[in-house]
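Features of the protein shown, as given by TrEMBL:
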| type | residues | note |
| --- | --- | --- |
| DOMAIN | A:19-186 | domain 'Cytochrome b561 bacterial/Ni-hydrogenase' |
| TRANSMEM | A:26-46 | transmembrane segment |
| TRANSMEM | A:52-72 | transmembrane segment |
| TRANSMEM | A:103-134 | transmembrane segment |
| TRANSMEM | A:154-177 | transmembrane segment |
Amino acid sequence: MSSEPTPTTTPSATPAPVRFTRVARLLHWTMAVMVVAILFIGAFMVTSVGDFRFLVTVHEPLGIAILLFVLVRIGWRLTHTPPPLPPGMVRLDRLAAKYSERLLYALLLVQPLIGWAMVSASGEPIVLFGSLYLPHIAPQNITLFADLLRAHIAAAYLLYLTFAAHLAGVLVHTIVIRDRVLDRMAFWRAPGYGSEAPPR
Amino acid sequence: MPLNRRTVLLGLAAVGGVSAVNVGAFLGAGGWFTPDTLTTSRFVDRFEQVFGKHDGFRRNHAKGVSAAGVFTSNGAGTALSRAALFQRGTTPVTARFSISGGMPTVADANSTVRGLAVLFHLPDGAQWRTAMVNVPVFTDRVPQGFYERLLATQPVPGTGKPDPAKVAAFLAKYPETARAMAVISKSPPSSGLYNSPFHGLNAFRFTNSAGDTVPVRWTMMPEEPSQPMGAGAAPGKDYLFDALVAKVMQGPVHWRFLITVGEPGDPTNDATTAWPANRRQVEVGTLTIDSLQTEAPGNARDVNFDPTVLPDGIALSDDPLLAARSAVYAQSYQRRTREPHRPSEVQVGQQPSGPRITKVDHEQ
Ligand code: HEM
Ligand code: HEM
């Protein structure tokens, strides 16, 4: 890995930048809104005497929607090559970007399953909407419920920290280093970012 | 703009600022910066403050016994609600009898509020959970009132009674509680759990298959004659539960399920106020309790009788107690499921009559 270019070039000199496919960008931003929303809803609802019940009825279907989205997204990611990172990025940043993205995918897959199993273990019905119920995926057992609740809380805070780090990383690259990493995921017209990453 | 020391520092400051706002907002959502807001945790802390912390037990209605049986519907309820429960037929139930307060080994007393919680297992995984009490109206209209009452009526060491000054200040602030207590004192408790009525108290909304919605409240009326409590010899510590166990050992015990239909103008957001006595009542079937179980893993011990778990055809009203009950019961459930469990006071299957001390002697 000694062939990494040293970060001396200015960003505008970067050759032929590519961005994520339209589908990947759409999935990214839809999920970003959903995940930030569910994290804040989760943290608030467990404290709220007045809104807990209503917010649970939002939280559960939203969490299941995230599960469906992340499955589509992982499928898309496996069949499409993402654009290469800006050449000016140092090795540490590349590793951080790579593993924080994998961690995000893993958490987004596991966390809704933990939530689903947790409510199953409590024996409470899970309403998607109206009278459409989800099946239970775990036996009714309070010890299991308690363990899954601990896991749901731990995964939520880890997910939140990973998201906060991901956001800070992108901001450092965009505002401080200015290698236009954000443009890769953007919908605005960014000069030079005409092409999309090709299918694998 | 060229990259220099100044722009890098400004940029880093901007990133730090955004991150601080981000994390701050998240912690704020979790209640970190608002120590005076009544959160679910603080509500449950108040129960622990007043009753002590008893690992593995409910923070309220801690003393109780698990029960099972069926609900037999006569079909009359279908006019009011499309919930499958009201179709003519039978539905299995998991239930729990309890007395209020957070102390799991407290001695039974006539004046202690009694509870009956029922989980109806409807077809296709649907459920209806309800937790009812024997008093005709609730003591509090708003959650904050309940929270403050817990502390205001806490017995003071020495006298063993609440501080009269605190109670007076509380009642001045919450006059609806004073009115409710006057109503409650006019309907003395029955002689046992098995012949107690149990009232849902909070209002809900029923919607039938034609789409018509009405406000309702409900009551389980005992088929056993409701005698008032007789003044007799000092009863045993668990006399209410012992008598229930004895009764169910003799045979199933029944309650008639009555739905009261509200009229426009009847308050749906005030459980301290009864609706006028002439409101239409529909008898929709019979609840039969045919067995009791010592609280144990997998039975009613492990159920959160959250009254907002409702099937299609039954919906919440604007009563603020309902949302609060859901939140506080969930927090109580979160805590008690994570803690170690000890055996419950009420043991089914032993000889139910006689003072408990003889049983302890036998065991030794
Ligand atoms: C990406 C998906 C999800 C995220 C990020 C998430 C996040 C959270 C967070 C932050 C909390 C608050 C934890 C605490 O501090 O106590 C929470 C609680 C909760 N979550 Fe999730 N959640 C997700 C999916 C789900 C799903 C799919 C379900 C159920 C089907 C679910 C059910 C619950 C319940 C019931 C609670 C409240 C637990 C209680 O107080 O009893 N969650 N979640
Ligand atoms: C804001 C008002 C209320 C608060 C804060 C409150 C609090 C609680 C708590 C913490 C529990 C223990 C829950 C658990 O761990 O599963 C409980 C149980 C219970 N409550 Fe309430 N309660 C309220 C209103 C009511 C009302 C209006 C009724 C009756 C209509 C009621 C009847 C019961 C019964 C019967 C139980 C025992 C349920 C069981 O056996 O699991 N409560 N309550």
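Each Cβ is built from the backbone N, Cα and C atoms, and glycine gets one as well.
For the transmembrane segment (A:26-46), the list of distant contacts is 20, 52, 55-56, 58-59, 62-63, 65-66, 69-70, 72-73, 76, 108, 156, 159-160, 163, 185, 187: same-chain residues at least six beyond its ends, Cβ to Cβ under 8 Å.
Residues 31, 35, 57, 60-61, 63-64, 66-67, 70-71, 73-74, 77, 140-142, 144-145, 148-149, 151-152, 155-156, 158-159, 162-163, 166 of the same chain lie 6 or more positions beyond the ends of the transmembrane segment (A:103-134) yet place their CB under 8 Å from a CB of it. Model confidence over the domain 'Cytochrome b561 bacterial/Ni-hydrogenase' (A:19-186) is summarised by a mean pLDDT of 91.
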